[in-house]
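Student: Quick one: the structure is below, and I'll ask about it shortly.
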Amino acid sequence: MKALKLYEQAGGNASAANEYDLVKKQSEGINILLTVLLSLIVLLIVLGNSVVILAFIVDRRLWTRSNFFLLNLSICDFLVGAVSISVYIPYKFTGKWMLGKFLCKLWLTFDYTTTTASAYSVVLISYDRFLSVNKAVLHHSLQKRHSQTALTMTLVWISSFIIYGPAILLWEIITSTNNLPEDICRAGFLETWYFILGASTLDFIIPLLSISFFNIRIYLEIIKRSTKRQKFSISNSSKEKVKYIMPFSITSNTVLSSPQTNEKGDSSLSPHTDHKITSNSPRDSEKSDGHNNSNKLSQDKKAAKSLAILVSVFIVCWTPYSFLVCIRAVCQGYCADFFYIEITVWFIYTNSVINPILYPVCHKSFRKAFKLLLERFIKFFLI
């Protein structure tokens with residue numbers, strides 16, 4: 001993710017020749033090991049997220065607003081593995097860009113856009129869970145509005161492109177500089193600290209604050225409802241001990257019965273009273289409401305836990321890199337060693353591997369969809 005950044009940051013204020021020398025100094029054995037490792041990461045990312053995308057195609061039960069946001073994240077991760085990292089691997093180990101200026105800019109734009117869209121997708125997922133827990137009625141009304149969901153996802157991609165795309169494509173024109181040789185591919189703004197800080201604020205800090213806000217609100221709402229539920233249970237328990245003197249009401253209806261013959265042989269219509277006993281106790285309806293509320297609370301707790309896992313992985317994988325990039329930009333490349341930046345980029349790559357594993361683990365609907373996909377896959381090859 002932002003794959004080229006790890007190589008770009010290696011240069012800092014150094015020359016392109018120093019960047020190439022840095023790569024050449026790495027031992028051949030380490031390069032082979034890293035190539036195998038990166039190739040394995042690419043394979044896992046592509047396969048894992050392909051399964052998620054295919055599950056959506058096979059099982060239409062997944063077609064809800066909540067799951068479409070997960071699909072958007074999966075598409076981002078798939079593109080990172082299939083394009084960003086795949087193109088980056090040969091560039092990293094040769095130290096030379098051999099695809100020309102145009103493809104360089106195109107690749108950089110694609111790379112920055114997909115990774116930023118990935119961060120924004122996590123924000124959307126958090127916001128959707130927030131609505132599910134805190135504003136259930138509104139959330140339910142939005143689930144089948146696929147056109148609105150598609151528009152939201154489109155806006156995510158457009159905003160992600162706007163942050164970096166114009167700067168990558170037009171930086172040389174705006175600044176009237178063209179200092180990079182043909183065999184070096186990196187964004188021109190990497191040494192401009194105020195741009196880096198501004199862009200990092202938009203593509204990481206604001207998403208991080210938004211995610212934290214939504215998760216805190218979800219947590220507080222669940223705590224509030226759990227406390228209310230406990231009080232309700234205690235109240236019901238106390239009511240069970242109360243002895244009602246008259247828990248029932250008796251209603252009397254007088255009707256004319258069929259003709260009866262008295263002792264004298266006279267026929268007459270005699271009144272007959274029916275007594276109906278009905279319960280006035282509200283406990284049955286209270287129990288029903290309490291059961292429904294308990295189920296909803298249990299579902300919200302599970303959703304909150306799955307979101308917490310997804311968000312925690314995102315924060316752990318993204319924070320070190322974003323922090324080091326900002327620090328390096330402020331100190332003009334002198335206070336953040338290239339070795340540590342490279343490690344943090346691998347953390348980001350790992351995020352795209354973990355996400356497709358989390359979907360079936362945390363979501364029952366995905367487990368069912370994966371099972372259905374596996375059954376069709378086996379059936380296809382057995383026929």
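Heads up, the Cβ atoms here are built off N, Cα and C, so glycines get one too.
Where the annotation comes from TrEMBL, it is an automatic prediction and has not been curated.
Not measured: the values here are computed from a predicted model.
Pasting the relevant annotations from TrEMBL:
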type: COMPBIAS; residues: 256-271; note: compositional bias 'Polar residues'
type: COMPBIAS; residues: 272-290; note: compositional bias 'Basic and acidic residues'
type: DOMAIN; residues: 48-359; note: domain 'G-protein coupled receptors family 1 profile'
type: REGION; residues: 256-298; note: region 'Disordered'
type: TRANSMEM; residues: 32-57; note: transmembrane segment
type: TRANSMEM; residues: 69-89; note: transmembrane segment
type: TRANSMEM; residues: 109-130; note: transmembrane segment
type: TRANSMEM; residues: 151-174; note: transmembrane segment
type: TRANSMEM; residues: 194-220; note: transmembrane segment
type: TRANSMEM; residues: 307-331; note: transmembrane segment
type: TRANSMEM; residues: 343-362; note: transmembrane segment
Student: Looking only at residues six or more beyond either end of the transmembrane segment (343-362), which have a C-beta under 8 A from one in the stretch?
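Tutor: Those are 1-3, 5-6, 38, 41, 44-45, 48-49, 51-52, 70, 73-74, 76-77, 80-81, 85, 115, 118, 305-306, 309-310, 313-314, 316-318, 320-321, 324, 370, in sequence order.
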Student: Please work out which recorded stretch in 69-89, 194-220, 307-331 has the most C-beta pairs separated by under 8 angstroms from the transmembrane segment (32-57)?
Tutor: 69-89
Student: In the same chain, who gets a Cβ under 8 Å from the transmembrane segment (307-331) while lying at least 6 residues past its ends?
Tutor: 2, 5, 9, 12, 119, 122, 125-126, 129, 190-193, 196-197, 200, 204-205, 208, 211, 215, 218, 340-341, 343-345, 347-348, 350-351, 354-355, 358, 362
Student: Same chain only, please: residues at least 6 beyond the ends of the transmembrane segment (194-220) with a C-beta under 8 Å from a C-beta of the stretch. Say none if there are none.
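Tutor: Counting only partners 6 or more residues beyond its ends, the transmembrane segment (194-220) has Cβ contacts under 8 Å with 115-116, 119-120, 122-123, 126-127, 129-130, 133-134, 160, 163-164, 167, 300, 304, 307-308, 311, 314-315, 318-319, 322, 325-326, 329-330.
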Student: Would you report the average pLDDT that the model assigns to the domain 'G-protein coupled receptors family 1 profile' (48-359)?
Tutor: 79
